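Notes for the one structure printed next.
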Amino acid sequence: MAATTAAVVAEEDTELRDLLVQTLENSGVLNRIKAELRAAVFLALEEQEKVENKTPLVNESLKKFLNTKDGRLVASLVAEFLQFFNLDFTLAVFHPETSTIQGLEGRENLARDLGIIEAEGTVGGPLLLEVIRRCQQKEKGPTSVEGALDLSDGHPPSKSPEGKTSVNSTPSKIPRYKGQGKKKTSGQKSGDKKTSSETSQSEPSVSLSESKSKSSLHSLVHETRIASFLSNSTVDAKDKSALCPDEDDVEGDSFFDDPIPKPEKTYGWRSEPRKQVGGLASLSDKPHLRSGLSSLAGAPSLTDAESKRGSTVLKDLKLVGEKIGSLGLGSGEDEDYVDDFNSASHRSEKSELSIGEEIEEDLSMGVEDVNTSDKLDDLTQDLTVSQLSDVADYLEDVA
């Protein structure tokens, strides 16, 4: 019975549905609903195609920059900075706007690419801070290196006359002497103020050339002083050898039996009568002393003491000559033997004279030579003093 009732209800529902559909179709409501539904479906499909084909909002300049290696490195540094300080909300906006949700490098890869070692103390901060520090050190590096080069050079920068330092000027190797370039007249200072910048650049080279010329002049003066000192010493040696008689001629004379003492080695040496007798031959062979008498024509006269001394010497020599004559040494053979010690001119002039007269003449000449040698000592006394030391070059004993 229940089944029959259910079947009856189902049949009634289908009949009601069919009746409703037929009624709606007849009134046009069902067709209008079907058309609206069909239009809504087509509109939904068209809108879906537009959404799929719609281009997203992209920053073209940022996209080009991120395509380069440096741009990706900068974006990675900024992302690492935000991650280091846990700025998650900023990262949520940063990644979509930059379209860098994937592809950015981590901290380790960034440190390796930048050459930063974590052991250097950079763990306490982001990598961006270490990059800025290194850039600042590189900026300060060239100036400190230039300062180190200036200090290692050892020479301070040369100053121009206007007081400006010239860095490009090379240090001079020429020894600088004290007092150079320190004194300047007021006219030079006023002229320096009026000079242009070009002349101020050329002044260091001019000062170098002036220092070179001054040092060369100083060396030339030094050389001339040494040359004059050497020439004076050689002339003094020659005068000593010319004015002092030869010792070998006196000592090697075998005519006299008695040994003859050596004369004193001074310009104004005096000998005893016996020494004069033994040195007649050597004195007669010295023509340069006789020829020098003419140059002393204008010399002042001898003093009375010297004339008295010469007269006493003449008297002693006359006595010696008389003794020699009394001994019988006036023969022709002895006369010829004495002539062998005289020059040819003396032999021709005195061939007919006796030995006593020859001795007197020679002794008179010897006394005059001695007196003239004393005068030469007075006139030609060397008073030069060495310019290289405080000690006299040489000293002479005047009788």
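Cβ atoms here come from the backbone N, Cα and C positions, even for glycine.
Swiss-Prot marks one residue of SER291, SER331, SER373 as phosphoserine, namely SER331.
SER326 (phosphoserine) counts 10 other C-beta atoms within 10 Å of its own C-beta, drawing on all protein chains shown.
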